[in-house]
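Taken from Swiss-Prot as is:
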- CYS189: active site, thioimide intermediate (ACT_SITE)
- ASP196: active site, proton donor (ACT_SITE)
- VAL88, GLU89, SER90, HIS228, GLU229: substrate binding site (BINDING)
- SER90, LYS91, ARG257, GLY258: NADPH binding site (BINDING)
Amino acid sequence: MSSYDNHQALAGLTLGKSTDYRDTYDASLLQGVPRSLNRDPLGLHADNLPFHGADIWTLYELSWLNGKGLPQVAVGHVELPDTSLNLVESKSFKLYLNSFNQTRFASWQDVAETLTRDLSACAQGKVKVSLYRLDELEGQPIARLHGTCIDDQDIEIDNYQFSADYLQGAASGKIVEETLVSHLLKSNCLITHQPDWGSVQIQYRGAKIDREQLLRYLVSFRHHNEFHEQCVERIFNDILRFCQPESLSVYARYTRRGGLDINPWRSNGDFSPATGRLARQ
């Protein structure tokens with residue numbers, strides 16, 4: 001259980017509740033969650049964040065009607081800046097997108113502008129939206145996270161309760177610059193406790209991080225209840241606090257749910273996240 005899973009900011013969410021699906025446009029379906037909800041306990045404040053970054057969403061189930069009533073389909077790419085006051089709750093995002101299904105729009109640009117306006121209002125930040133026709137994406141290869149995978153270690157684990165203490169004393173010795181990857185990240189939805197599966201890329205420069213300790217730390221998220229974005233910020237904050245690298249970037253790509261995948265990244269250096277879906281996305 002997290003320290004804030006009964007917080008009043010979560011009380012009005014449709015997540016975890018029986019919901020009617022609407023197929024005509026309704027921007028009021030979108031619901032935001034204050035980023036401060038998990039940042040305050042971590043000692044992170046909007047005016048002095050130790051990182052920059054964004055939440056990258058892929059919208060796989062996006063459809064509307066053109067001016068003549070002919071259905072249109074697209075794949076959407078959305079970026080919410082880490083500086084927005086709110087993150088967008090994913091079930092509300094899905095319900096909102098469903099409301100486009102039987103709504104007529106004059107053009108693709110109108111759809112993109114509507115998404116940009118509504119998501120920016122919900123997040124209280126400047127959101128970027130791009131729409132892609134299917135033939136623009138056909139033949140696109142499966143992407144991979146660059147780096148050394150740390151998953152094949154011959155270690156025994158019997159504790160799956162979250163603990164940042166696994167990182168205590170994890171960094172020592174000479175300064176290195178490396179990128180590590182794990183596909184074993186699994187956390188749970190803050191409200192429903194349904195599993196969230198992800199791959200995480202950690203790029204840093206600093207004292208070498210012990211890979212066994214890092215893997216034990218990542219595996220300890222297995223019973224942890226937080227939203228995707230919150231988990232990435234926690235990982236960044238914990239590594240920065242315990243390992244004190246000169247530079248650090250954390251990027252996670254989660255499997256899709258409800259036609260959406262969420263891919264947050266946070267960095268205090270020069271980092272450009274690779275886009276493109278992974279094998280499990």
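Glycine too: its Cβ is placed from the backbone N, Cα and C atoms.
All features noted in Swiss-Prot, drawn onto the structure.
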residue : record                              : DSSP class
VAL88   : substrate binding site              : strand
CYS189  : active site, thioimide intermediate : coil
ASP196  : active site, proton donor           : strand
HIS228  : substrate binding site              : helix
ARG257  : NADPH binding site                  : strand
In sequence order, the recorded positions (CYS189, HIS228, GLU229, ARG257, GLY258) whose C-alpha falls within 10 A of ASP196 (active site, proton donor): CYS189, HIS228, ARG257
Spatial separation of CYS189 (active site, thioimide intermediate) from GLU89 (substrate binding site) - C-alpha basis, Å: 11
Residue among binding-site residues LYS91, ARG257 with least C-beta crowding, 10 angstrom cut-off: ARG257
Alpha-carbon spacing, ARG257 (NADPH binding site) to VAL88 (substrate binding site), which is rounded to whole Å: 14
In the chain carrying GLU229 (substrate binding site), residues 6 or more apart in sequence that have Cβ under 8 angstroms from it: ARG35, ASP55, LEU87, ILE262, PRO264
Protein Cβ atoms within 10 Å of HIS228 (substrate binding site), excluding its own: 23
Those recorded positions listed as GLU89, ASP196, and which of them has the most Cβ atoms within 10 Å of its own Cβ: ASP196
Neighbour-count leader, CB within 10 A, recorded positions: VAL88, CYS189: VAL88
Distance, HIS228 (substrate binding site) to CYS189 (active site, thioimide intermediate) (CA atoms, angstrom): 8
For GLY258 (NADPH binding site), the number of other Cβ atoms found within 10 Å of its own Cβ: 14
Substrate binding residues VAL88, GLU89, SER90, HIS228, GLU229: largest Cα-Cα distance, in Å and rounded to whole number: 11
Shortest C-alpha distance to GLY258 (NADPH binding site) - which of the binding-site residues VAL88, SER90, HIS228: SER90
